[in-house]
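Copied from Swiss-Prot, the annotated features are:
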BINDING   Gly387, Arg388, Ser389, Gly390, Ser391, Gly392, Lys393, Ser394  ATP binding site
DOMAIN    30-321  domain 'ABC transmembrane type-1'
DOMAIN    353-589  domain 'ABC transporter'
TRANSMEM  26-46  transmembrane segment
TRANSMEM  82-102  transmembrane segment
TRANSMEM  167-187  transmembrane segment
TRANSMEM  266-286  transmembrane segment
Amino acid sequence: MTTPESSATSSVKIYFRLLSYVRPYVGIFLLSILGFVIFASTQPMLAGILKYFVDGLSNPEAVLFPNVPYLRELQLLQAVPLLIVLIAAWQGLGSFLGNYFLAKVSLGLVHDLRVELFNKLLVLPNRYFDTTNSGHLISRITFNVTMVTGAATDAIKVVIREGLTVVFLFIYLLMMNWKLTLVMLAILPLIAVMVSSASKKFRKQSKKIQVAMGDVTHVASETIQGYRVVRSFGGEAYEQNRFAEASDSNTRKQLRMTKTGAIYTPMLQLVIYSAMAVLMFLVLFLRGDATAGDLVAYITAAGLLPKPIRQLSEVSSTIQKGVAGAESIFEQLDVEEEVDTGTIELDRVSGHLEVKNLSFFYPQTERQVLNDISFSAAPGQMIALVGRSGSGKSTLANLIPRFYGHEMGNILLDGVEINDYRLRNLRKHIAQVNQNVTLFNDSIANNIAYGDLAGAPRADIEAAAADAYAKEFIDQLPQGFDTQVGENGVLLSGGQRQRLAIARALLKNAPLLILDEATSALDTESERHIQAALDHVMKGRTTLVIAHRLSTIEKADMILVMDAGKIVERGTHTELLAQNGYYARLHAMGLDEPAPAGAV
């Protein structure tokens with residue numbers, strides 16, 4: 001159970017960690033602080049100038065600097081207007097320095113946090129994405145970062161500028177009359193208690209707001225990505241209600257936080273102005289030998305205190321929002337990255353793949369997905385995995401490039417355990433094409449030559465497209481290989497998108513090829529062309545094929561029949577048909593059998 005003390009300690013640690021991101025901008029930050037010091041120093045100056053103004057009304061002949069050469073003749077009525085202009089200019093300089101340079105720090109902080117969060121996404125393990133809502137991930141980069149920078153910069157602006165204003169005003173008041181000023185100081189403990197109470201509520205409510213905002217982003221993202229399904233199945237009303245509920249929940253939580261601030265701020269003002277009322281009574285009652293100017297200056301300085309004190313109390317809301325946002329950001333930044341303890345790096349492997357006694361449980365579950373899997377594939381061999389959905393085929397394919405780590409059994413590539421390879425080097429030797437194709441909102445050429453392939457000669461890109469039978473439709477497009485494909489290739493057909501993914505794999509020219517339902521989105525004619533291309537490409541490469549279609553696997557050197565995470569049969573297409581077993585039954589059904597209940 002989290003105690004108030006541990007929660008407060010946690011908040012302080014989070015806030016100081018957040019402030020560490022300001023370190024690269026420390027020079028600019030110090031300039032902004034200098035600006036706020038200048039700004040704050042003008043507040044007691046304004047109160048002091050009123051003293052001379054009032055005294056000048058009663059004694060027009062009085063001079064401001066009787067002991068200063070060249071200024072001893074300067075009368076109050078002449079000096080006061082000039083000083084007011086100078087004070088205003090001094091205040092303007094401070095305001096510019098403080099606001100401009102703090103804005104530079106704030107924008108730099110937003111950029112740094114967003115880039116670090118995004119870069120972290122690229123090295124997080126697969127299991128993190130399996131269990132984390134994508135809308136919340138996006139919300140952290142967009143919404144949470146904005147709140148965090150408010151705490152790291154805007155809040156500091158208020159704390160420094162208004163805090164220094166309060167300090168300078170209190171110093172001035174103490175110099176004027178220290179006894180009366182102690183009356184004002186007596187209310188500080190009460191203010192501290194009220195601010196502390198409000199801070200706890202603000203942080204709790206801020207966490208709820210962030211979750212609600214993540215839900216809004218998630219629903220919107222899902223609906224936009226699946227708009228065709230939404231329209232095809234008449235899901236508009238359902239999605240409208242789902243989004244309205246998420247947005248309404250966010251609105252209610254925002255209002256609850258606003259309500260908290262709306263209650264605490266007037267209460268705080270009441271306490272401050274009550275103290276002011278007592279102070280004014282004492283000033284008038286105990287005026288002694290003070291001049292009218294002294295009284296006006298003292299009351300003016302005291303009257304300038306409520307505004308900065310109120311702003312200091314309200315900054316708690318900004319800080320707690322930022323701390324709550326920073327907590328979720330640091331949770332993501334602290335997630336352990338993909339394990340990469342390997343040391344071996346090879347320029348090229350032959351593609352000899354061997355799996356020994358491999359078993360696998362998905363993280364955070366007790367269900368065994370793979371059970372004692374063993375097989376080997378020589379370079380140039382094609383191994384086909386068949387079985388009903390949920391039998392473990394795709395899981396096995398995902399273990400080879402180490403999208404998930406295995407602990408039971410071995411996977412060897414050219415006789416080396418894949419965990420001993422450097423992760424980037426291992427994946428360099430593997431090309432993978434999945435049923436769900438990912439294309440980026442870029443040109444066709446850049447989608448084929450993606451990542452490490454960027455910069456490949458145009459001739460190689462076109463050759464890969466030709467081998468994947470994609471060039472024929474690309475040449476018909478207005479801009480050819482420079483045509484923009486839209487978000488995730490929305491401007492292309494399913495078969496066209498699949499052929500671009502295959503072209504990307506062909507351009508990579510990796511010795512190990514994994515085809516996970518790679519031809520499932522193609523029509524019969526396109527599949528025939530692709531199959532011919534794959535027959536050529538697979539020469540000299542180890543190919544692991546996962547398919548539900550007969551034409552894809554009939555030429556395999558070995559077919560592994562999987563069920564419930566085990567290999568139940570193995571052999572060539574002809575051998576397995578002759579056994580008249582599980583494969584023969586799948587073959588009779590077209591190799592596409594539904595998964596049992598609860599299959600993953």
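Each residue, glycine too, has its Cβ placed from N, Cα and C.
Positions of Swiss-Prot features highlighted on the structure.
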{"residue": "Gly387", "record": "ATP binding site", "contacts (Cβ under 8 Å, 6+ apart)": "Lys393, Val561, Met562, Asp563, Leu586"}
{"residue": "Gly392", "record": "ATP binding site", "contacts (Cβ under 8 Å, 6+ apart)": "Val369, Leu370, Ile373, Met562, Ala564, Gly565, Lys566"}
{"residue": "Ser394", "record": "ATP binding site", "contacts (Cβ under 8 Å, 6+ apart)": "Asp516, Ile546"}
Count of other CB atoms lying within 10 Å of the CB belonging to Gly390 (ATP binding site): 20
Beyond the flanks of the transmembrane segment (82-102) by at least 6 residues, Cβ under 8 Å: 28-29, 31-42, 45-46, 49, 52, 153-154, 156-157, 160-161
Binding-site residues compared (Ser389, Ser391) - highest count of Cβ atoms within 10 Å: Ser391
Residue among the binding-site residues Arg388, Lys393 whose Cβ has the most other Cβ atoms within 10 Å: Lys393
DSSP-derived structure type at Ser394 (ATP binding site), helix or strand or else coil: helix
